[in-house]
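Visitor: Would you mind keeping the following structure in view while I ask a few things?
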Amino acid sequence: MDTLLLARLQFAATASVHFLFVAVTLGLVTLLVGLQTAWVVTGNPRWERLTRFWGQLYVINYVLGIATGIVMEFQFGLNWSGLSRYVGNVFGAPLAIETLVAFFLESTFLGMWIFGWHRLRRGVHLALLYGVALTAYASAFWIMVANSWLQNPVGYEVRDGVAHLTDFSALLTNPALGMALGHVVSAALLTGGLLMAGISAWHLLRRTPDHDLFRTSLRIGVVTATLAISLVQGFGFAQFGPVLSVQPTKFGGTSPEAEALIAEWSARFGPGDYLPPTLANVGLGFMILIGLGLGLLWLLLPLLWRDWIIRLRFPLWLLMLAVPLPFVALILGWISREVGRQPWVAYGLLPVDQAVSPISGWLMAVSLIGFTLLLGTLAVTNWVLLARHAARGTADPALGRPPAQPAADDSRPEPAFA
Ligand code: HEM
């Protein structure tokens, strides 16, 4: 069995599944910040109910998402020891910051937010949610810093066969970073917005109670997703320039720069196939197709006037059907970015076959099956729980439920052991 192929499949499976959770987390937390701010500023309880409902879905997704993140980190340590050895001095810093920010700070803020309901002053409680959102964005930033370094290694020198960081600021100004970060963040907002719009559309179609609340969240979701898709498209097209300037072999690589680079690599690393598989371009093409198709969201925006979007009903169906599209595009986007840099794990520096751990194919196959089953279970559990809690509506989510009042009736007998 081909250890390298299995390790790459394992990376693809863990990274893709984990990122779906990340996108929902980033998108929903941004919307939650808006909802809770509206509650604190206006004091209107409808905003509190919306915050509790969407907050509950956010928390479910966050908890299961963290579990997928642990699987992902585990897989990194297990399968890519060559990568850790060669570029750990550079790559380790942003990854460690990401772990500290995501696992410790963000989870601490979130825990205090969940349990601080009715215990903390409203302003403090809201500040905690801002803390959760800021650390979520910081975590996305650092992971993109690390990924961009692998796409385009900068600010390092190789000593004793190992890369060492020489210029921290180069990590932050990496041309592979800026537009990609904008693209990923707007893709997350699109995902969160469309999820909110789709779930609200379901409630409005079924005429469940709380019509008014779901009408509000439908509007918020549609506006967010519509604005986000334009940003996704803008940052997406803007990525081509920087990507091709630092990775001439991406997307086919027939330019003179690509040919010169391939000649240089052949001289340094020996002859080989230095062009990425076509799978990367297929991913790119379908992602762009989805991105352009979702641009039609702009047509729904005028229908928000006088609730035509609800009265006509079919736009609600369209919104529900569109919910999976950003998720598919997210996976295709990462396939495009990651497969597109093959055969390198760190572009032009470390080939993938030198980065993989010296593990037998059988062992790799066993961990691949184990992790895939685990991730599949986490993903299915997440969607079942999200669907179940989403279907219950805003009546009384467990998140933020007021503490039970002690019974006024004093006539109850004392427990026997008192
Ligand atoms: C017109 C639409 C779009 C264009 C022009 C576009 C463009 C691109 C390009 C050029 C890349 C590859 C960057 C690289 O290889 O380094 C990319 C990657 C990616 N795309 Fe898109 N994209 C579009 C739509 C979407 C949509 C709808 C989503 C998801 C909702 C999405 C999510 C991603 C992700 C997650 C990546 C990997 C990270 C990154 O490089 O930013 N894209 N996109």
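Positions of Cβ are set from backbone N, Cα and C atoms, glycine also.
Annotated transmembrane segment per TrEMBL: 20-41, 53-71, 91-115, 127-150, 180-205, 217-238, 282-304, 316-335, 359-385, in sequence order. The region 'Disordered' annotation in TrEMBL covers 396-418. The compositional bias 'Basic and acidic residues' annotation in TrEMBL covers 409-418.
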Visitor: Considering only the recorded stretches 180-205, 282-304, 359-385, state which has the highest number of Cβ pairs under 8 Å to the transmembrane segment (316-335).
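Guide: Checked against 180-205, 282-304, 359-385; highest Cβ contact count belongs to 180-205.
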Visitor: Would you kindly list the residues that approach the transmembrane segment (53-71) from elsewhere in its chain, counting only those six or more residues past its ends and only Cβ-Cβ distances under 8 Å?
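Guide: Counting only partners 6 or more residues beyond its ends, the transmembrane segment (53-71) has Cβ contacts under 8 Å with 14, 17-18, 21-22, 24-25, 28-29, 31-32, 35-36, 102-103, 107, 110, 114, 196, 199, 213, 217, 371, 374-375, 378-379, 381-382, 385-386, 389-390, 393-394, 397-400.
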Visitor: Let me spell it out: take the transmembrane segment (91-115), skip the flanking residues so only those 6+ beyond its ends count, and list any with a Cβ under 8 Å from a Cβ in it.
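Guide: Distant Cβ neighbours of the transmembrane segment (91-115) are 59, 62, 66, 69, 73, 83-84, 125, 128-129, 131-132, 135-136, 138-139, 142-143, 145-146, 149-150, 165, 168, 171, 399.
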Visitor: Of the listed stretches (180-205, 217-238, 359-385), which one yields the highest count of Cβ-Cβ distances below 8 Å with the transmembrane segment (282-304)?
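Guide: Looking only at 180-205, 217-238, 359-385, the most contacts with the transmembrane segment (282-304) come from 217-238.
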